[in-house]
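S.K.: TrEMBL feature annotations, pasted as is:
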ACT_SITE  Lys206  active site, schiff-base intermediate with substrate
ACT_SITE  Lys261  active site, schiff-base intermediate with substrate
BINDING   Glu246  Mg(2+) binding site
Amino acid sequence: MTARHTGALGAFPAIRMRRNRFDAWTRRLVAETRLSVDDLIWPLFVCEGEGVEREVASMPGVMRYSVDRVAAAVRRAADLGIPCVALFPETDGARKTPDGEEACNPANLVCAAVRAIKAAVPDIGVLCDVALDPYTSHGQDGLVRDGYVVNDETLAALCRQAVVQAEAGCDIIAPSDMMDGRIGAIRGALDAAGFGHVRIMSYAAKYASGFYGPFREAVGSGSALGQGDKKTYQMDPANGDEALREVALDLAEGADMVMVKPGMPYLDIVRRVHETFGVPTFAYQVSGEYAMLRGAIDRGWMEDRIILESLLAFKRAGAAGILTYFAIDAAERLAK
Ligand code: PBG
């Protein structure tokens with residue numbers, strides 16, 4: 001034994017929390033939570049063109065891929081053991097309209113990407129976001145009538161969007177629009193179209209957050225939205241109990257998995273949802289969280305171990321998995 005173990009240690013206090021932290025193998029043995037590659041969903045952006053890999057300025061290291069390039073990126077994710085990817089389109093401004101009809105075009109960017117991925121990388125899950133904002137000229141997630149995002153008329157469009165994505169081969173439909181009743185409506189539409197096996201992960205507790213800024217740059221919905229906001233449908237960051245009602249409704253309507261978004265500032269919600277319902281609860285470490293962490297690491301203000309630490313925190317809070325732009329990076333670190 002080394003010198004630091006000698007002396008009167010042990011007489012007082014009887015309980016020493018530091019014993020279980022004494023060496024690396026003990027720390028491993030008593031660890032309560034673990035982060036694994038199985039917990040990761042990688043969100044990625046798809047853009048027009050051929051041979052394109054274009055970085056998102058506010059998300060260093062995050063690329064937009066043209067359809068011919070996307071499968072290779074996804075192949076890399078699958079080879080690292082990542083179970084699922086999530087797709088988001090940067091739609092050409094010329095294709096955007098007030099009603100976002102492009103969302104329901106079976107040949108749109110997302111559907112083309114799903115087909116390319118399913119053909120080349122059949123062993124990975126594909127999740128598609130359902131909401132109109134990448135396709136509307138005003139950047140709102142739904143149809144706007146007299147300046148208001150109307151609920152029930154939007155539902156019909158979302159149902160068509162979901163079915164078109166399922167037809168392309170999407171495995172998980174993830175409605176991010178926050179309209180009332182959308183999970184039940186989409187479940188019904190999927191079942192009626194013969195897609196009973198397609199899962200729904202609802203963005204159940206999605207907040208009207210400033211942390212989505214870099215994402216809106218990535219898909220080009222931010223400039224369309226301008227000074228507008230999404231506060232009449234996304235949740236007020238002041239509310240926690242309300243998140244439980246949102247989750248309860250989505251589960252009653254048929255959601256298979258639920259999501260809390262953003263992630264790190266909303267860990268209390270992740271925990272409450274997981275403890276209250278005991279259902280697969282996912283957290284989205286959103287674009288602004290990525291930008292904060294990446295920016296600080298790149299400037300040398302923080303060490304890169306904050307990447308795995310931030311993801312482990314979601315597991316400790318009760319998350320079944322995490323959507324994170326760090327997925328590839330994290331998978332590589334976990335494999336070491
Ligand atoms: C679309 C959608 C958004 C995000 C995921 N789906 C943006 C928004 O609601 O404005 C944000 C994801 C991120 O910031 O990483 N409804």
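Using N, Cα and C of the backbone, Cβ positions are placed for all residues, glycine too.
Heads up, TrEMBL stuff is auto-annotated, nobody curated it.
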S.K.: From the Cα of Lys206 (active site, schiff-base intermediate with substrate) across to the Cα of Lys261 (active site, schiff-base intermediate with substrate), what is the distance in angstrom?
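M.R.: Computed Cα spacing between Lys261 (active site, schiff-base intermediate with substrate) and Lys206 (active site, schiff-base intermediate with substrate) is 5 Å.
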S.K.: Could you tell me which three-state DSSP class Glu246 (Mg(2+) binding site) falls into?
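M.R.: Assignment for Glu246 (Mg(2+) binding site) reads helix.
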S.K.: Restricting to the chain of the residue listed as 'Mg(2+) binding site' and a gap of 6 or more, list residues whose Cβ falls under 8 Å of its Cβ, or answer none.
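M.R.: Same-chain residues close to the residue listed as 'Mg(2+) binding site' (Cβ under 8 Å, separated by 6 or more) are Ala204, Ala205, Met235.
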S.K.: Mind telling me which of the active-site residues Lys206, Lys261 has the densest Cβ neighbourhood, counting other Cβ atoms within 10 Å?
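M.R.: Max Cβ neighbours within 10 Å, all protein chains included: Lys206.
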S.K.: Provide the three-state secondary structure of Lys206 (active site, schiff-base intermediate with substrate) computed with DSSP.
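M.R.: DSSP call for Lys206 (active site, schiff-base intermediate with substrate): strand.
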S.K.: Would you identify the secondary structure of Lys261 (active site, schiff-base intermediate with substrate) according to DSSP, in three states?
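M.R.: Lys261 (active site, schiff-base intermediate with substrate) sits in a strand per DSSP.
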